[in-house]
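Everything below concerns the one structure shown next.
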Amino acid sequence: MWKDLFVKKKKYAAIPSEPLRPEVPEGVMTKCPQCKKIMYTKELVKNLRVCLSCGYHHPMPARERIESVLDEGSFREYDAGMTSVNPLGFPGYIEKLEADRRKSGLNEAVVTGEGTLEGHPLAIAVMDSSFRMGSMGSVVGEKIARAVERAHEQRMPFLIFTASGGARMQEGVLSLMQMAKTSAALKRFSNDGGLFISVMTHPTTGGVSASFASLGDYNFAEPGALIGFAGRRVIEQTVREELPEDFQTAEFLLKHGQLDAVIHRHELKEKLAVVLAIHAGGGESGWWRN
């Protein structure tokens, strides 16, 4: 024991090595934010990005959404080359746009076009939250307004899937103007009898929820979608009250009369086809409400 006091101690210690874990390539697996289950992304995509364990509706890329609701091969895109600029000279904005284009494969946060759904022709707009969180800038507003005007000219219904964090701050008042522009286009469309179906997905917030997203003849939503204008914390601080746990969810809005239905993604195409069939009239009225 006393000898140990004079023995020079080692300056290092052996650390047992952990067995090497096989590396999983990025994107192969997806973790559900609700139930925390990890699943193959391929299986999730096959299930329309609905969690196989708990039914949570994961965000769906715009082109996957279009494939899931329109008849195969019927989609024809509008204004595919339209891209945002930096009108206010906002620092770093162009670089962020370019990064999102590489990541998402899209030029902007919305894809618009026309196609058929169970044989019914329509114009469609699908927002994608992977591009600038689906925020609405000048190009998003312009593409949606143009799609509405084409639906008006060709006497087709207009269908939109919304997913957005609201107006795009890097474009200032120009982004806020899109609320009025899109709403005005829809008002002209509606006055002439046009059928507008809005499907709100997670999340639909800010200026998008306060404008075109809520103007549908039919306002639908996916289960669990967050829908609202201001954030929960801001509202609680303003009204000085604790809000219900399910506040601003699709189910809460349905219960309070702000939605017509909450529809599971697996049933959405069928339900939309029923609505279109109900309103598909003959003669000059065509595909109109009247």
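Quick reminder: no glycine exception, Cβ is built from N, Cα and C everywhere.
Listed in Swiss-Prot for this protein:
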type	residues	note
DOMAIN	28-290	domain 'CoA carboxyltransferase N-terminal'
ZN_FING	32-54	zinc finger
BINDING	C32, C35, C51, C54	Zn(2+) binding site
Using a 10 Å radius around its CB, how many other CB atoms surround C35 (Zn(2+) binding site)?
13
For C51 (Zn(2+) binding site), just count the other CB atoms lying within 10 A of its CB, please.
19
Cβ atoms within 10 Å, counted per site: which of C32, C54 has the most, among these binding-site residues?
C32
Neighbours of C32, C35, C51, C54 excl. site residues, C-beta within 8 Å of centre, Zn(2+):
P33, Q34, K36, K37, L52, S53, G55, Y56
Given the model, what does the mean pLDDT over the domain 'CoA carboxyltransferase N-terminal' (28-290) come out as?
94
Work out, from DSSP, the number of helix, strand and coil residues along the zinc finger (32-54).
6 helix, 4 strand, 13 coil
